[in-house]
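S.K.: Supplied in structure tokens, the structure appears directly below.
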């Protein structure tokens, strides 16, 4: 009978069993068949509502409630969330530009501050909702157990998968009634030469379950998440220094907004909480409360993009006003300004504000990946019998430096020389006051690194070309982030190339060495991007390539060289302040806009190149995983 919208199928009497068995086309039989095929109960009942079922109450016609189909409803929700995110990003752009273009030195209308408070408070609420409600009781794991699946391993190495109600979820488990020492799995196979069954480590063909949550997504590279953690540390450090400004200077009340501490404190808390959530749940796949989850993910992504926009525009305006005050103070002796005191936050900002931008870019990329997995069902691969019989814990990976020692030590030598050159640059620039020699040392270091890495890239491509190419791996999160960083790097290098070429007739040694550095940089990042995008799609064809690991030493060397170039690029803002011709060619405001927009992407390109190379270092020397 049917009660409260659920079918209750009564057990047939003994005398009716034969008739029921013969009634293959009966409605009850159709219903049971659908249930055995794994159909959703609600869908089965909806399809079979017209079936004749005996009820004790008279039949009543009920009008069905008209609802939008799930596909249209999902598309509508995505559209609304996308428009909301677009509005948030546009408001962040408009408010930050309006606040920076005021004619007076410090005029606070509070619209930007209130808008940022709204973004941070709502983002904190969303992350806390995800963590406390959606993920309550959900453990981060990569294996799902199924006690009634057995894998039969034969002596020849082949395996069969089948169901058994007596299968044990663990291989070789000893029951409480049998405490005798049993032979190991390998010994049993060798002695008997027969079939041996062990339990499977996976429970579902598709995860998460309907209306559930599971950590079964693609996942983000560990080193990229580690980099996000490092840049988050730099970002919260800058927030802390800005908060300390309140106690550092006497002009805080007149020069800063009355709620500026609240804005920085909320951003610090938001960065910390979001980093914890993304680092832990980067494989998250959610199939419940999808409208709320989609809105929350879109808001978090829009918030991170707004942080990038606001940071770039605000830092550009602050640097320009500080330089203008310094120039005006030299000529007229004016000292009545909010910029007359150099605070610790203002001194550290040129080195730390790129951390905020890079962290927000990485976070936005990870959140967009999570957004793509909302409502998805991820098919689980059956594990191989070797993974079932292995003594290594499931999910564990062994990372060693096999076939990479030469590249490791040669790269460490290059890194040490680079650090010495950076230290020498600061000695000549700050202590000896010889800026020309300081800039020549830094440019020479970059030229040497460019030439060496370019040679290494060509040799590495020749070695990695022997591996198998996977076309479906071309567009991944890592490749998209790398292309975004490459675009910003090209913009910055071409701007500097134009300004340098305009004064090459002077034949100054600093100008010429700068020109060579820019040309080599454009060539090197182009070749390196092609190499990395190709390497991310490579895997080993057979066991011989897994053992030989062709090109691994070169990849190791390039990884360390990119870390060295990353350290050099962290001082790019300092280097541009030493060079006079860029500032003179574009003007202070235009050059500040160029550097604050593009230098963070150049820094991110060097860092993310090292991340991608670490992924190639591990994945390229494994065989293709079965789908």
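If you go along the chain as it appears here, the first residue is 1 and each next one adds 1.
Just so it is clear, glycine is given a Cβ too, placed from its N, Cα and C backbone atoms.
Pulled the feature table from TrEMBL, pasting it below:
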COMPBIAS  176-187  compositional bias 'Basic and acidic residues'
REGION    160-187  region 'Disordered'
TRANSMEM  75-98  transmembrane segment
TRANSMEM  110-135  transmembrane segment
TRANSMEM  226-247  transmembrane segment
TRANSMEM  259-279  transmembrane segment
TRANSMEM  291-313  transmembrane segment
TRANSMEM  351-371  transmembrane segment
TRANSMEM  408-428  transmembrane segment
TRANSMEM  440-462  transmembrane segment
TRANSMEM  474-498  transmembrane segment
TRANSMEM  510-533  transmembrane segment
TRANSMEM  554-573  transmembrane segment
TRANSMEM  593-618  transmembrane segment
S.K.: Does the structure show the transmembrane segment (226-247) and the transmembrane segment (351-371) touching, where I'm treating 3 or more Cβ pairs under 8 angstroms (sequence separation 6 or more) as a contact?
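M.R.: Yes, the transmembrane segment (226-247) and the transmembrane segment (351-371) are in contact.
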S.K.: Have the transmembrane segment (474-498) and the transmembrane segment (510-533) got at least three CB pairs under 8 Å, pairs 6 or more apart in sequence?
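M.R.: Stretch pair touches.
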S.K.: Please report, as numbers and ranges, the same-chain residues at least 6 past the borders of the transmembrane segment (259-279) whose CB is under 8 Å from any CB of it.
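M.R.: Distal contacts: 110, 113-114, 116-117, 120-121, 123-124, 127-128, 130-131, 225, 228-229, 232, 235-236, 239-240, 242-243, 246, 300, 303, 307, 359, 363, 366-367.
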S.K.: May I ask for the residues of the chain that lie six or more residues beyond the transmembrane segment (110-135) and have a Cβ under 8 Å from a Cβ within it?
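M.R.: Beyond its ends, the transmembrane segment (110-135) has Cβ neighbours at 88, 91-92, 95-96, 98-99, 213, 257, 259-260, 262-263, 266-267, 269-270, 273-274, 277, 281, 284, 286, 288-289, 292-293, 296, 299-300, 302-303, 306, 310.
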S.K.: In the same chain, who gets a Cβ under 8 Å from the transmembrane segment (593-618) while lying at least 6 residues past its ends?
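M.R.: For the transmembrane segment (593-618), the sequence-distant neighbours (Cβ-Cβ under 8 Å, at least 6 residues beyond its ends) are 221, 223-224, 227, 312, 315-316, 319, 353-354, 357-358, 361, 397, 399, 404, 464, 478-479, 481-482, 484-489, 491-493, 495, 525, 528-529, 532, 535-536, 538, 552, 555-556, 558-559, 562-563, 565-566, 569-570, 572-573, 576, 586.
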S.K.: So, taking each listed stretch (408-428, 440-462, 554-573) in turn and counting its Cβ pairs to the transmembrane segment (351-371) that are under 8 angstroms, which one gives the highest count?
M.R.: 554-573
